[in-house]
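So that you can see what the record holds, here are the features copied from Swiss-Prot:
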type	residues	note
SIGNAL	1-32	signal peptide
DOMAIN	35-100	domain 'J'
DOMAIN	130-232	domain 'Thioredoxin 1'
REGION	235-350	region 'Trxb 1'
REGION	348-463	region 'Trxb 2'
CARBOHYD	530	N-linked glycosylation site
DOMAIN	671-776	domain 'Thioredoxin 4'
């Protein structure tokens, strides 16, 4: 006999069963040493958002705080947390995909937050479709796409950020379609937030391509946010009358732009002024918005058969005085979003390019082309119709091509499924296929970058196997997230390397044979071919580091040492010379991961510390003689003393360029001067030289991190500007008088001889090169001003 359960009991039982199944799944996965993707239950193609959502779901169910009676809860959760830490980080994910866990030995992690953090603080906006969580690699492309963005920079532990979250969600729904609403987690993307000048949370900024970011400082209510946003929306609502009607309509129709017109009679419903403004912003560049006061423009309304309040969309060429015409769209809604969506759906599709004229059309203009097979899949996202307008200033035309009408053409382009591609005005020879998100802002960024870049899509017919010119070739797979992240950086690099080497991409899912020929075992693999020389790139996914890699191939920053040169250059070094040496083996995964960081570090230490490397596979007996017992072994050889063989071994956990440089600089004599209140007053405030001062506190972590950077700065500006340090814990009154409110703080003091006075300025950067460039710029400006003042006298 069956037992009937009521609804609540049934739901509780289902939840219990679901939890049991989830726990069982994780136990099986953890116990069988599955890979990180399996641990989180995501595919290798998962986006950052999907990874966060999967981890949060597991964290809330399996956190040790929720499972106090499970002795294995801590260990099991560490494995899941470790998987998340690696897969959320683009560089670590690339290392893991290429080397597995062996490539992560320098990044052990091992810490996690409380259950309440994952429940209330983690991924605040991941479940809100109207809010786009932006990451560093996509931020600039998004805000420079041409659309208007309002971005919330927040920190997970910030109470004010959580107070704002419900309002931000309501606001996002209110303005959906009018502008893009974004969010940046400064806990995950600290570098991005620092680059954008975010010093407090939440910080709200408006972004649009071509204009400086505008910070919002007003009340955090939905109404105030909407009012502020509307100030930056491009809106033009035209009041139509007998005097301007014909000219306004004909001018727009001639440009291929239709009109949305609301006819208003007193006492009847028509679109409010606020709704008209919103629609004008939402339809900017697509449709003009106007209104007619039929009480004062009676004859105009009668000529258009408008006898009651109504709203209609008139496409270009529509007959206005015949409302029976099927081309006119009458709208019954008074809601801006509903009207917007209905009009967007009714806008014409992109031009269908014919097979016999395709080559000619692509040879004379730059095009963004949607390829489809039979059914046009773009109709599912009507917002893409904005592309034509948003790309107009870039002189990019937008069209579509049906591959079922000419399969041979698509086959020659290696197009075997629906996609979109940019053609650069040279027919079908120069093109690039889009592998990113099929959403408006991502496509816009791709199109703008691609037409101006010099990236060639490679295949068997144009692969530079025997080309005399140097090539940088990226072997990739479209499903691979790190590959997709690298592509925009390659475009940036290609413009800066134009004329020096060529840049191409090869899709290994299509050209498997070519990739196998070059023994490509992981994606992305980026290789420089220079005739017989082949060099694999191992650095971060940034244009800057790609350029550094190319420069290092031309002018190596690391000396490759042999036993003979090691003896001559290191052991017999001059008295004032110092060396840092990396003993490595080519087969060692941590060594491979270290090498690009080692080269990067070497470039920043030019003129200060000599940097070398020894291949212990090639010189095994020599390394044994030098007592090298592990790889990589990093040693610092200080200024020569009576003990020529003295060295210091690096035992730090982090082997990135910044950490290694800080370690090496720590052995050099201090270049800056420690100042007391008396010497600060005498030498800086009353002295006759230029100074840059680091105000710090010994207990301050950022101060400790900045200390070696300041020492590097002191050496870079030696002879031009003196560098000093003031301990604000020991001398608080000196720092208070100097206006210091945070540590570390850097201030520049320039002495003006004519006035015998000191000019001072706060410096916000923490990068030695940036500060040095800023100081030299200020000196040049300062000296020019002094010269002008003399000339005037």
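Here the Cβ of each residue, glycine as well, is placed from N, Cα and C on the backbone.
Just so you know, the Cβ of the residue listed as 'N-linked glycosylation site' picks up 15 other Cβ atoms within 10 Å once every protein chain is counted. Note on the region 'Trxb 1' (235-350): DSSP counts are 37 helix, 25 strand, 54 coil. Under DSSP, residues within the domain 'Thioredoxin 1' (130-232) fall into helix, strand and coil as 40 helix, 25 strand, 38 coil. For the domain 'Thioredoxin 4' (671-776), DSSP puts the residue distribution at 40 helix, 30 strand, 36 coil.
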